[in-house]
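Q: Structure in structure tokens, see below.
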Amino acid sequence: MKLYCNSNEVRSRTLATLRQLRQPSPATFLDTRRVDARIIKTGFDTDTCRSNFIVEDLLRRGQVSAARKVYDEMPHKNTVSTNTMISGHVKTGDVSSARDLFDAMPDRTVVTWTILMGWYARNSHFDEAFKLFRQMCRSSSCTLPDHVTFTTLLPGCNDAVPQNAVGQVHAFAVKLGFDTNPFLTVSNVLLKSYCEVRRLDLACVLFEEIPEKDSVTFNTLITGYEKDGLYTESIHLFLKMRQSGHQPSDFTFSGVLKAVVGLHDFALGQQLHALSVTTGFSRDASVGNQILDFYSKHDRVLETRMLFDEMPELDFVSYNVVISSYSQADQYEASLHFFREMQCMGFDRRNFPFATMLSIAANLSSLQMGRQLHCQALLATADSILHVGNSLVDMYAKCEMFEEAELIFKSLPQRTTVSWTALISGYVQKGLHGAGLKLFTKMRGSNLRADQSTFATVLKASASFASLLLGKQLHAFIIRSGNLENVFSGSGLVDMYAKCGSIKDAVQVFEEMPDRNAVSWNALISAHADNGDGEAAIGAFAKMIESGLQPDSVSILGVLTACSHCGFVEQGTEYFQAMSPIYGITPKKKHYACMLDLLGRNGRFAEAEKLMDEMPFEPDEIMWSSVLNACRIHKNQSLAERAAEKLFSMEKLRDAAAYVSMSNIYAAAGEWEKVRDVKKAMRERGIKKVPAYSWVEVNHKIHVFSSNDQTHPNGDEIVRKINELTAEIEREGYKPDTSSVVQDVDEQMKIESLKYHSERLAVAFALISTPEGCPIVVMKNLRACRDCHAAIKLISKIVKREITVRDTSRFHHFSEGVCSCGDYW
């Protein structure tokens, strides 16, 4: 097939390669004479060809203006002249000048079209690139694309390219015969383009039609499967590639290792690691980094560090992975160490893991660290990179600097779904759930589609209100948006229903999920754990392993939480001790905190202290608070005072819970002077007790109550109901437990104050506002007191209703005078 209509153009292009003879040397004039002789012999215009050489030489030296001056002054130009000048402008990014020359050309060659088309494609101006391709194919000059045109136009494709555009190019390639074996590169770029525009179905058809495939063909589809989440298919194709005799490359290992990470298949990943070692690819920087990332994503911090230390060549990716690995393990000091080391290595600052480090600052609520990182990002101009801007939004929001967060959010060059989710998440994480849901409504108005992370965040906000109606509305919206089959959205729904007290709905959503991964199982395990069903949580964990999935750190945390809530000390200890040797998971701070809670609740303080001494890090606020709470339950005043001393010495301690717990311990012992000392210390540090609130949803409206609240429109009816219930439960044997009252007042005043705690007001209001037999769900922002717990147990028996109270510790399902927690919380 004839691809060039102007044979002189081919000859002219051939002569242009003679510029290689004109390297600066003492023989320059001799070389020039030889070129001129060749030009005269072939019948070309000597002046034009010599000028073309000069233009190209000037462009090669970066002197674009001088080259353009020579070009403009040429009396006779040919297509080589203009193509050379267009190429020069394109290489310097001056596409406007290049386009002017292109539009003014009376005759264009395939080279002309390809040069300009390539610039548009490389710079993501796909509409213009494909428009030029169509114009070229329809032009009257008989200029048809060659294989270089196809391999220039297609490689830059991404999901912004219309799917039909790739199909049209494919059809033209077939028409011109470029789908045959001599042009395998064209078939390979077409295959990659179909993968990039998410048409795996067409990619698979093309793959099967390619008569003789090479390693690039296999690598392209392996990567395409992995990017689309079809991890099993990616692994199967890799095995097929090996069986067909094609040798894997560094790209092969990178793609298939990513697929293994997606499958959470640790054993298979280890096999691939071994194969990369035997084939020698493990020493390749890109493969080594992917192996490093594989171990990091499986929470194997020790293995990640060992491989990092053994790598022959470290680049910025290696440092990014090891910093992220320590961050995921909550070992922030180690992350900071490697970040400082990375700064001394001479890497381009734009490649620094600012997003990861900002996430650490957000998790630590360290505004100072966050601002330092912000300054570094500005110096590196990395704040213009969208994901760093999103991380800045997240950091400022989680440090409760919402004005700064919104300012950065508004200044982002492009507000994506991730940007909106970062801001929404910041509000939700700080307990401003209403503000988060309002932002979600605004996001919907901006015509952006919510993704799995967005839904997980708004479902969390919905769960915080315990509003089953709101949760079901979000469930319906997820169905309409086509995200129900997404495992992360499904997992978020499981979590939401569980936190709204509807474990039955949570289990149903889980069972209806078409695909389940570790996140789905973790949601179910946590749902059972939070609702006090330890046996079901442990059963779900066992089924997860039976399904072939490898448990991760979150899975173990869910089981430990279940054991803690149910008092399964021996089982909890077994799971904790099995983490490293059996499951290959390094315990994080949360796992240690859960074990301390389990041991402390059971009064096993010697074991708890031994565990704290053996931890690889210092006990933090959560751990000492857990010990203090256990001491309050078991009246261990000496250890309580030690725990309180540790807590009160923490500069960052802003939570009043530790002070309140210590006050309760002293009040129960009748040491009122020490109660006053604790309250004085609170005032001096400017720490205020968080007021107790409870809320209940009745008739699609949330009603909020505080202790001794007299502001509700139905206040008189509520008080009458409480007095009526108090009289009835007293006949059932109820005796007020005044040990939780920290005011030094007479006994009768203590009893009266207990009657009007926020959770009892909410229960009383629900009883007078809902039909008989209707279940009641009450939420509380603090831990339920022991007296209210005892009272609501008896109330559930008297009124013959299921009453659910969710506090900060767990769910309490009251029915027939019994609580699901077994009085253990």
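Each Cβ is built from the backbone N, Cα and C atoms, and glycine gets one as well.
Grabbed the feature section from Swiss-Prot, which reads as follows:
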REGION    623-699  region 'Type E motif'
REGION    700-730  region 'Type E(+) motif'
REGION    731-825  region 'Type DYW motif'
REPEAT    78-108  repeat 'PPR 2'
REPEAT    249-283  repeat 'PPR 7'
REPEAT    315-349  repeat 'PPR 9'
REPEAT    385-415  repeat 'PPR 11'
REPEAT    416-450  repeat 'PPR 12'
REPEAT    517-551  repeat 'PPR 15'
REPEAT    552-587  repeat 'PPR 16'
Q: When you look at the repeat 'PPR 15' (517-551) alongside the repeat 'PPR 7' (249-283), do they share 3+ Cβ pairs under 8 Å, ignoring any pair fewer than 6 residues apart in sequence?
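A: Counting Cβ pairs under 8 Å (6 or more apart in sequence), the repeat 'PPR 7' (249-283) reaches the repeat 'PPR 15' (517-551), since there are 3 or more.
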Q: Please give the sequence-distant neighbours of the repeat 'PPR 11' (385-415): residues at least 6 beyond its ends with Cβ less than 8 Å from one of its Cβ atoms.
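A: Sequence-distant neighbours of the repeat 'PPR 11' (385-415): 350, 354-355, 358-359, 361-363, 365-367, 370, 373-374, 377, 422-423, 425-427, 429-430, 446, 448.
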Q: Mind checking how the region 'Type E(+) motif' (700-730) divides into helix, strand and coil residues in DSSP?
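A: Summed by class, the stretch gives 16 helix, 6 strand, 9 coil.
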Q: Give residue numbers and ranges for long-range contacts of the repeat 'PPR 16' (552-587): same chain, 6 or more residues beyond its ends, CB-CB under 8 A.
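A: Non-local partners: 264, 266, 298-302, 329, 518-519, 521-522, 525-526, 528-530, 532-535, 537-538, 541, 544, 594-595, 597-599, 601-602, 604, 810, 821-822, 824-825.
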